[in-house]
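**Q** Shown below is the structure under consideration.
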């Protein structure tokens, strides 16, 4: 069993974006391929959780396993994706990454995993005053908590955090750049992110 593994969440419907965000172009590749490469600098074991409709296309872009949600919990949001990844790869800790934060740096995963401590169930950054539970790390014991929530048809990350012993980490305290955590939810945000990229 490895100590650390990565789970990339690419199973959302991207309704506000209008097309699958995982396959949006970024730095001459796709969001999902870019994020897997960034994670791969720090983590050897990575799995991508994909929506059924795009799984075959995602597989063309990444050199890591691409799976769907556990059938019983398919479509139950990020909790289903996280627990599906935990079932696929055995590890002590899992770094979670959504496919729509393309600015993330490999430095973040080094910082995040350095903060893990078995006293805690989760390590969650707080960036500009906001919790970022999808750019966080979770201990494998959280798997049972997720199953219990899904059994009760509870799907929110907040409900999971309320049941965990969480180590909250201020981005400023660990020299994390707030830009790493920017989400791209709409085409307008995508255009702005592309502009910011070309201005770097």
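Every residue gets a Cβ built from N, Cα and C, even glycine.
If you look up Swiss-Prot, you'll see 9, 10, 11, 21, 69, 100 marked as GTP binding site, on the strength of sequence analysis. Annotated Mg(2+) binding site per Swiss-Prot: 100, in sequence order.
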**Q** Inside 10 Å of the Cβ of residue 11 (GTP binding site), count up the other Cβ atoms and send me the figure.
**A** 30
**Q** Report, as a single number, how many Cβ atoms besides its own are within 10 Å of the Cβ of residue 10 (GTP binding site).
**A** 28
**Q** Reduced to three states, what secondary structure does DSSP give residue 21 (GTP binding site)?
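**A** Its secondary structure by DSSP: helix.
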**Q** Other than its own, how many Cβ atoms are within 10 Å of the Cβ belonging to residue 9 (GTP binding site)?
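**A** The answer is 24.
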**Q** Please work out the number of neighbouring Cβ atoms within 10 Å of the Cβ of residue 100 (GTP binding site), leaving out its own Cβ.
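**A** Residue 100 (GTP binding site): 24 neighbouring Cβ atoms within 10 Å.
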**Q** Counting only residues 6+ apart in the same chain, whose Cβ is under 8 Å from the Cβ of residue 21 (GTP binding site)?
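**A** Once residues fewer than 6 apart are set aside, residue 21 (GTP binding site) is near 10, 12, 14, 31, 99, 100, 184.
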